[in-house]
Amino acid sequence: MAAFVRPNNSSLPGLFTAFSCLLVLLAFVSHAACLPTAPALGSVDLSDVQHWKRFQPVVVTSDDGTNTTVINPNTNEDIPQGSATDGGGVDLSVPAIIWLAFVFAVGAPLALAGIRLSRATTGAGIGLTLTVLVWAAFINTMSAAGIPDLLLTVMSVGAFGFGFLIGVFNIGRMAGILLLGVLGGFSIGLRIILLRPGLLIPTYVANWFVLVAFMIIGLGVILYRQRFGLVSSCAAVGSFLVALGIDLILQKQKGMSAGLRFLFDRNSSHFLAVVHQGYHPPVITQVLLGASLGAIPILAFAQHLIFRAPFRPTSTVSDTASFTEENVALNVEKEVDTRTETPAKESLISSRFSSS
């Protein structure tokens, strides 16, 4: 009888893998939506780099310098411009304080003990991915009137909460691990790109190719050696968030925040405030970016030494097991548990009938 009522979970790993791949694809598509159309290699002029998607808007300033207008050269129509704060607020306003609390609350545990916080870490992997997707989608599609910073902040943080709830359960564990690897590579690539004024490479689209390469590397490391990939990704993502929080305190919206808006925001209504103004990181921001990159191997090695237990404590999974090897070991344990529990239930039922 037990064989008929026991749920069949053999298809769940494949379902979770498909879910993970879907989230990775959505992340790439969301970022790719911000990409400009790349010109032919022979026509690239580094002295006048195009940072736009379909056309290069024309900025017209009045003679007295008091009025600036952005014009679409294809239609000769004005493009209404918004403030382009992108949910970050101004100085230490309420949205900025919420982001400060968020990056420290998520980043510090990941940087210091991410390999130990099994369910919380996988929850953070999915939650942070959804946060980036929601934030990037809204800032690139809002009108010039925009969305109140507080509302956009609440929606972005709410997306994290939804993803976190998925990741803390077993159904989201695989997706959380894979996405954490992607985010680890992504956070490293982000810091490298934001080190230079105007981004690392003058051709805007090339920076996104660099980011995609780092994302693939992060995912590959997780798949090949899970523990090494996990400690590295936790240290990378955590150190990035902590550095972002420190930079928000010191530079407000003029440091890493400006770089993130310059990289992600290609809304035509934000051209004047984002693209035309450019990205010019202060020296303190560059120091924080470099220091956080240097902290990654230190934090990863410290987590490896302090927290020896596997990411998911089991008697058969080695610390050096790959993602596939761990899944095989877990499936073997489930089969053993099923075989040992089923006879016990049947013997209990038979003993009850015999006693009657």
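Backbone N, Cα and C define each Cβ position, glycine as well.
Here's what TrEMBL has on this protein:
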SIGNAL    1-34  signal peptide
TRANSMEM  96-113  transmembrane segment
DOMAIN    101-300  domain 'TM7S3/TM198-like'
TRANSMEM  120-138  transmembrane segment
TRANSMEM  150-169  transmembrane segment
TRANSMEM  176-195  transmembrane segment
TRANSMEM  201-223  transmembrane segment
TRANSMEM  230-250  transmembrane segment
TRANSMEM  283-302  transmembrane segment
COMPBIAS  335-344  compositional bias 'Basic and acidic residues'
REGION    335-356  region 'Disordered'
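Relative to the transmembrane segment (96-113), the listed stretch 230-250 leads the set 120-138, 150-169, 230-250, 283-302 in CB pairs under 8 A. Just going by CB pairs under 8 A, the stretch in 150-169, 201-223, 230-250 that sits most against the transmembrane segment (283-302) is 230-250.
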